[in-house]
Amino acid sequence: MAKDKLAIALGGGAARGWAHIGALRALAEAGLKPDIVVGTSIGAIVGGHYAGGRLDQLEDFARSLTRRRVFGYLDLSVSGSGLIAGERLFSRFDEHLTGLRVETLPTKFAAIATDLSTGHEIWLRRGNVNDAVRASSAIPGIVRPVKLNGRWLIDGCLVNPIPVSVCRALGARTVIAINLTSEFGRGGILVDDDVEEAEIAPVVEDVAPITRWNGKGALQLLHRQIFGHQKEAAPGITSVILNSFSIFHDRIARARLMGDPPDLLIAPDLARIGVLDFHRADELIAAGRAAIEPHLPMVERYLSEPANGSIQGRFFAS
């Protein structure tokens, strides 16, 4: 058929994005290979690896993470425009994505970012894959903005958290969308500040010495600001920013999905997993797989019938 048949829109959601890996694995095992992959934020990171044939490397990395290792990738930015510079983490991703350019990937791919100056939605369809996914996932106030082609770019969740509309514009007939924040407002945990003091490691592997502030180790201070340390205490700055961002993300996603509904909306059960729980990849990958598997026979049936070719108009949610 002349037109690309199947696309997948991978939504943002920080650590919860590891669930996308499970969904993509389930699709592959069912013989369903998306012709188009579009991602926002963590969805762009997973989507870029998938489109470039590097999902195995990303999954190995995700499953290897512990709380200590996650913290080791958070390079404190004292004077920058975000709490975290992002150099350590994206240097690791660059090892996976070396030499890959968006326009030559074997699977059509786009990453969604936001122009910090104008608020415009930016579709990153050319250039270095790691640069594209880094710009798409630059959470305001947390990760430094990225300058590409003369624009300062930040997280695409501000404008298009689940990029169904971009999938359609790139030629998709059938779109599967994955929403990682659907439980917000119904008791789900976004950032869990209940972290035991004993879990704070005095020395984090591969982290360079950082100047001490007011007699407290800067690393310990950063850990508490990101993960929290007492349930009764006020939330840390990162908790405030991420929860606020998630509220906004959820509202924008609902509005965009009403105007640009996918053919199949998948919402993994992630209510007990926080957006900073990068060390829980095993659970997240399993949740992504479990959410999409019951719907695969329906997707296969519709894609195999030329008369239908699409299930648009039949809006399903898991």
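Yeah, the Cβs are placed from backbone N, Cα and C, and that goes for glycine too.
Marked as active site, nucleophile by TrEMBL: Ser41. Around Ser41 (active site, nucleophile), taking its Cβ as the centre, 31 other Cβ atoms fall within 10 Å, counting all chains.
Under a cutoff of 8 A between CB atoms, and with a sequence separation of 6+ in the same chain, the neighbours of Asp155 (active site, proton acceptor) are Gly12, Thr40, Ser41, Ala113, Thr114, Ser136, Ser137, Ala138, Ile139, Pro140, Val143, Phe245. Residues annotated as active site, proton acceptor in TrEMBL: Asp155.
Summarising the annotation, TrEMBL assigns domain 'PNPLA' to 8-168. Here the domain 'PNPLA' (8-168) returns a mean pLDDT of 93 for the predicted model.
What TrEMBL lists as motif 'GXSXG' is 39-43.
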**Request:** Work out, from DSSP, the number of helix, strand and coil residues along the motif 'GXSXG' (39-43).
**Result:** 2 helix, 2 strand, 1 coil
